[in-house]
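Visitor: Found this in TrEMBL, in case it helps:
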type: COMPBIAS; residues: 297-310; note: compositional bias 'Polar residues'
type: DOMAIN; residues: 70-107; note: domain 'RING-type'
type: REGION; residues: 1-26; note: region 'Disordered'
type: REGION; residues: 43-62; note: region 'Disordered'
type: REGION; residues: 291-310; note: region 'Disordered'
type: REPEAT; residues: 479-511; note: repeat 'WD'
type: REPEAT; residues: 565-605; note: repeat 'WD'
Amino acid sequence: MGDSSVAGALVPSVPKPEPARSGDTSVAAAATTAALALALPEEAGTRAASASPQGPPAEDEGPADRDLLCPICMALIKDAFLTACGHSFCYMCIVTHLSNKSDCPCCGHYLTKAQLYPNFLLDKVLKKISARQIAKTASPIDQFRCALQQGNEMGVKELDSLMTLIAEKKRQMEQQESETNMQILLVFLHCLRKQKLEELNEIQTDLQYIKEDISAVERHRKELYRTKERYSMKLRMLLDEPTAQKMWPSPIDKASCRFPPNSRTPLSASCPGTLQNKKLDLKAQVSHQGFQRRDALTSSDPPNPPIQSGNVIARKRRVQAQFNELQEYYLQRRRTGAQARRQEERDIVAMNREGYHAGLQDFQSVLTTFTRYSRLRVIAELRHGDLFHSANIVSSIEFDRDDELFATAGVSKRIKVFEFSTVVNEPSDVHCPVVEMATRSKLSCLSWNKYSKNVIASSDYEGIVTVWDVQTRQSVMEYEEHEKRAWSVDFSRTDPSMLVSGSDDCKVKVWCTKQEASVINIDMKANICSVKYNPGSNFYVAVGSADHHIHYFDLRNPSAPVHIFGGHKKAVSYVKFLSNNELASASTDSTLRLWDVKDNCPVRTFRGHKNEKNFVGLSVNNEYIACGSETNEVFVYHKAISKPAASHRFVSSDLDDADDDPGSYFISAVCWKSDSPTMLTANSQGTIKVLVLAP
C-alpha cells in the first residue's frame, strides 16, 4: 500500500472516477472502523513492548510506522482527517491538494473538501505514539515533570520516598562535585608550585651570576686602584731623586720666585724654603693619597667613589631609563655565556684577561656603547635641490670605499658626488658636487663598489641597472632586463664584479660587470623592495619582499630560499647586514627587526619610529641601526635595545618653508660612515644633514 500511495502522490494524471454516491458514507464509516482496528492492536503491541525487558525487534515496528505516515508529506500524520474513500492524511496536506485537484492522492477517486472527516481516534493514537517517542529521548526529570503535569495520582508515602531518594542523589552529586573541584584546585596548585620553583631556580641562578660578576668587577676595580697607586709611587720617587731636582728647577723657580734669568741672587737666599716647601707639600700630598688608597684597598669596604661628573650622572640616567631592556639583555647574554662555558668543558675558557665571563664582557661592551651617546648633533647641512628641478626627494645616499666621497640620487634624475671633508669643514648651505651625472629616469638606489673607488651602480624607475665610472662620468654597463621599476641594487663585497638587483617585476637578477646579460634570474611571487649581499660571502643574498617576508637565498641553488624569515606585517622595504650573521630589516609596519641568519631565528624587534607607506631609509654599523621616520625624524637604535637611543627632527630654517606642514616631509635616506658615530641623512625636502652621536 505504501508503494501505491507514493506512486499516486507523484503521478497527477490518474483518471478521475465517477462522483461518489450518498451510499459512500457507509464506506467511510467502515474505513474508520478498519483504521481503528489497525491502530488499537498496534497500541497494544507497543505497550507490551514497553513492559518487556528486551522489547520487540526493530523490524516489527517498521511496517506499522510506515502505515502511520501521511501519503503526501511522508511524515507522521498530524491532525488526521479521513476521506470518503477511507484514506487518512494530514489536514493541511489534503486541503492543499484539494485546492488544486479533486481526487484522492491514493486511489484517484473523486474527492472534495466536504468529504473530509476528522479521525479523532487515529489522532489520539498518533499523539500517544508521539508522546512515547519523545519520552524515549527525554530525561527522567522531564518524564516525572510530564507525569505530574498530566495529573497522575501519587500517594504521600510515595512522594516521601521519592524526595528522600532525590535528596540522597543530590548529596552524592554535591560530594562528587566537591571532590572534582578539590582535584582541579590541587592540580592548579601543583602546577603553580612547579612554575614558581622553576622561577625560583632561575632567579637563584641569576643571582649567582650577578654575585660572580660583582666579585669580578670589584676585583678589576681594585686592580685599577692598585695600578693608579703604583703610578703615584713612581711619581713620588721621581720627586725624591736628585736628577728630578735638576730637571725641574727652572719651571718651579719661575713659578715660585718669579726672578729674571740673569739675576745673581741665590735661589735659597732670595726665596728661602720655598722650593723645599713646595716639594714637601707635593710629597705629602702624594703620600697622603697613597696611604688613602692602600687603606681603601686593604679594607673590606670598597674605595670611596670619585666625585661624579655630569657625564657620569647622565650615563646613569640612561641606564635607569632603559633598565628593563638592559636587564633582559644582561641575563640573556649571561645565561648564554654560561651554557657555552659548560659546553667548552672548562670555566677558564669563558674567562678573558680581566677575569670576566664572556656574557659579562659582552654586556659591558653594550652598556658602554649604549650609555656613551644620547643625542644626535648636527655638524653640517646642505641643500640637495637645484633651480631646475622642483622635486628634491633624495632616495639614496652612500659613502664610497674610503668614506671620502658620498653620492646622492633621487627623483631629480641626477647622481651627485660630494667631498665629505669639504661639506663638514666649510659651512655653507649650498655645496657644489665634485661630480654630477645625469640619468634618463628617476633613481631609486645607489651602491658603491667596495674595491674600485670610481665605480658606482644605480637602479631607476624604468628598471634599468647602470654601472657608472665616476671619474669619466660615463656609464660602463646598462642592464635593461627588468620589466618594471627596480628598487634596489647592491655590489658584492667579496667579488667586485658581481651585483644583484630587485624589481617590481617580482624578479631578482644577479649581474656580472664582465657580461651583458644577467647570470642568475630568480622569479618570486611578490614585488622586490630590497636586496643585499651577505658581506662575508658571494653566494648568500637577502631579499626583502612585498609579501611581508625576507627570503634568504644561496645563489648556488637559487630554485628555493635557504630560509624565509617571517614576522613583519607589511612589506619589507629594506634589508641590511650588520655582520655575517646579523641581518636588519625595515618594514612599513613601523618596525625594524634583527635576525640571526646562522641560526635562522629572530633576535629583536625595534619600535619608536613611524613608517607606513614611504621608503624612509635604513643603515647599519657594528652596533647601531639608523632609520628614518614619516615624522621627519631620524632614529638611532642600539642593536641590543629595542627602544630608540637617540633621535633628531629636521626643522626647516627657510622662511619659504616655514609655513609648510612638517608632517608633509619625511626622512628618505640614511647612511652611516664606516666604524664611526657619524651619519648622513636626507629628507623629502632635499635637505642633507651630517649628524654625529653625542653624549
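One is the number of the first residue shown, and numbering goes on along the chain from there.
Note that Cβ sites are derived from N, Cα and C of the backbone, with glycine treated the same way.
What you are looking at is a predicted structure, and each value in this text was computed from that prediction instead of being measured.
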Visitor: Are there residues at least 6 beyond the ends of the repeat 'WD' (479-511) whose Cβ is under 8 Å from a Cβ of it, and what are they?
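Guide: For the repeat 'WD' (479-511), the nonlocal Cβ contacts are 444-452, 455, 457-467, 517-533, 535-538, 541, 543-544, 553, 555, 615.
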Visitor: Pull the DSSP breakdown for the repeat 'WD' (565-605) and write it out as helix, strand, coil residue counts.
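Guide: Split by secondary structure, the repeat 'WD' (565-605) comes out as 0 helix, 25 strand, 16 coil.
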Visitor: DSSP says what for the domain 'RING-type' (70-107): how many helix, strand, coil residues?
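Guide: Final tally across the stretch: 10 helix, 9 strand, 19 coil.
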